[in-house]
Amino acid sequence: MKFVLETVSKCSGRLGSLSGVDRLASSAKFQTPTLVLHTKGGSVPHLSKEVLHYLTGAEPQLMQYSLNGTVHMEEAVRGCGDGLSGFVAQKESVSLLVLRDPAEPCQPGYHEKDVVPVFGRSGRKNFTAESYMSLVEAFRPDVYVPLFDGDTDGGSSKKREQRSQERTETFVEQCLEVHRKSEKLKGASVLGPIVGGYNKKLREKSVQFVERLKDDFAGYFIAGLHSYGSSASEVKEAPLLDIVSSVCQQLPLEKPKFLFGAFTPQLVLELVVRGVDIFDTSYPYLKTQQNRALNFSFDTSDSNVVARKNELDLTDACWAEDFTGFVDGCQCLACTKHTKAYTHHLYNTREMLAPILLMIHNLHHYFEFFKAIRRHVAQDTVGELIAHINKHVVLPVTDGVVKEPGKSLDGVELKESASVQVEAKRVKV
């Protein structure tokens, strides 16, 4: 994997490009800041491969595979003999293997000596550096993060942060020893994990460690800042930005920085300003799971933004007779072919199509958001975009409670109107 730094703006972050994955055509190139597609069990949640290709234009994508979401596939992938990308029929895309699913909350604890716990479908499995690298050789990812201890967040003790940093150094050295000798991983790129919780001195030690081994790393993976899942959207911004800013300033400019989690759009922009290059799509996925359509505006010429909600709850009865698309002007399949009323009906009747349509819209909206980010970085106007997005009316998170389809937040049954039933019959799925 090769990273080319193209532009460093004064106040808006940087532009670059990723390319050089050995097994793909030389035309596979990704402009940064960019997104890695979050997956579960090897697939983008709710979307078939064909729908995903319709959404992305069948171009190569950066695909993120988490260990806790794929560990149950290990024996099957070994039997396939074609690596994880071949097994899940995504050979045309770049595969990135990480330890944790950023959309799933981490289970704290279980810090046994010389192992890292991973919680998959079959429960907890402890990985040593040796067993982890054996799995990596079977999966043969294009890019991967070595085994590390990133189990820290804003509430971690100093002792836990220190153990995280010390254990990570040991794991990484053991993994690199295997990597250097492996014939199966000759074309794979490795990301250096930066850990240490919210302790600047430990983060500095972590940076110094990966810099001693800089020839082994194609980029850097900043971890241990939240507990994944919705915690990334609720994290205290100031301490996180302080740590990320400090880390990015210490790392070399010429290599990409990865930071995953379901961060709010505002926090994503602040992280871009501080030098983070690559994020993931766990945020639109979690919004889909909450039955919400992304609605925030990234067009700074939109004067109606102060009256605009950042997202729409499509199970809310107020949409029962709204026969317009999710977002005015959106050109995604869901918005051009379907309506809020129809999708509201689908949620009421618990149809599988409801989250499919919502995921199509949310991914499209998020990809368009990142196109806007790249434009603003090029013009050095990300600050204007941050101010614009901060003007939105923020829809309450409802204390993390996901509303049951067909009911309001207080549990009252939502009944369909006759017009919705007519619309449901009229629309072709």
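From the backbone N, Cα and C atoms, a Cβ is placed for every residue, glycine too.
Of the residues His345, His361, His376, Swiss-Prot puts just one in the Zn(2+) site with Cys330, Cys332, Cys335: His361. Taking Cβ-Cβ distances under 8 Å and a sequence separation of 6 or more, the neighbours of His361 (Zn(2+) binding site) in its chain are Ala293, Leu294, Phe326, Val327, Cys330, Cys332, Ala334, Cys335. Secondary structure at His361 (Zn(2+) binding site), taken from DSSP and collapsed to helix, strand or coil, is helix. In sequence order, Ala293, Gly325, Phe326, Val327, Gln331, Leu333, Ala334, Thr336, Ile360, His364, His365 are the residues of the same chain, not among Cys330, Cys332, Cys335, His361, whose CB sits within 8 A of the CB centroid for the Zn(2+) site.
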